[in-house]
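Q: Pulled from TrEMBL, these are the listed features:
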DOMAIN    2-94  domain 'Pyrroline-5-carboxylate reductase catalytic N-terminal'
BINDING   5, 6, 7, 8, 9, 10, 65, 66, 67, 68  NADP(+) binding site
DOMAIN    157-260  domain 'Pyrroline-5-carboxylate reductase dimerisation'
């Protein structure tokens, strides 16, 4: 039995992904304190919505999708009800495997996961790291569940702050670029809807090239850049304004902030 604790945007995305990829509704429990939303979940997915304590007793896999500030109190409440063989997966930002293990029964296998918001569209990128009592079979199970909303990669936990900076926060960087490109188009007299369509599909296509071609991004960039052409002129301006350095500094700042928040 899989229990999802927290049915906010990420929790519901994971629920929908699991059901869409073959998990039966009767094999999934969800906790949701908001009664109106709980009713919507029952009607939409045909699943059972139960109190967290009941979910903990019945689950062999517990997926924690709640706010980081609520995590420790919940773990302390659920720990007496959990079997030490229950796999606990947390998608709460900044909560380390050490924190999870400290507040769970001794020997509990835990997985720390860092998804990103494109999971809401089934296009997420999630990194996972196991705790001290987590084996390959546990990681396989976590990967299968989280893979219902996108791609999954395994990393050492020491890289989780960098993961947060690159893929966790990463969508915002692309939205920032998209916003800037769209506004530039509008400033040049283009209808906003046209500019947004051009930018959105360009980002989608560039991502497909990056993921599908196997080429280094430098090679892909050079393929678009003709000597003395429009792309070369644009890239020259980006370099003149230090955009490359700004991005590096921004990602390092995000990593450092993640480190401070997690206390790692």
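Glycine residues also receive a Cβ, built from the backbone N, Cα and C atoms like all the rest.
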Q: If the NADP(+) binders are 5, 6, 7, 8, 9, 10, 65, 66, 67, 68 per the record, what's the largest distance between their Cα atoms, in Å?
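A: 15 Å is the greatest Cα spacing among the residues binding NADP(+).
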Q: Can you tell me the three-state DSSP label for residue 5 (NADP(+) binding site)?
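A: The three-state answer is strand.
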Q: What average pLDDT does the predicted model assign to the domain 'Pyrroline-5-carboxylate reductase dimerisation' (157-260)?
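A: For the domain 'Pyrroline-5-carboxylate reductase dimerisation' (157-260), the model's average pLDDT rounds to 97.
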Q: Tell me, how many other CB atoms lie within 10 A of the CB of residue 7 (NADP(+) binding site), whichever protein chain they belong to?
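A: Within a 10 Å radius of the Cβ of residue 7 (NADP(+) binding site) lie 25 other Cβ atoms.
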Q: How many of the residues that make up the domain 'Pyrroline-5-carboxylate reductase dimerisation' (157-260) does DSSP mark as helix, as strand and as coil?
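A: Secondary-structure composition of the domain 'Pyrroline-5-carboxylate reductase dimerisation' (157-260): 89 helix, 0 strand, 15 coil.
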Q: Below 8 Å Cβ to Cβ and six or more residues apart, same chain only. Which residues does that give for residue 5 (NADP(+) binding site)?
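A: Residues satisfying the criterion: 11, 31, 52, 55, 62, 63, 64, 65, 66, 74, 78.
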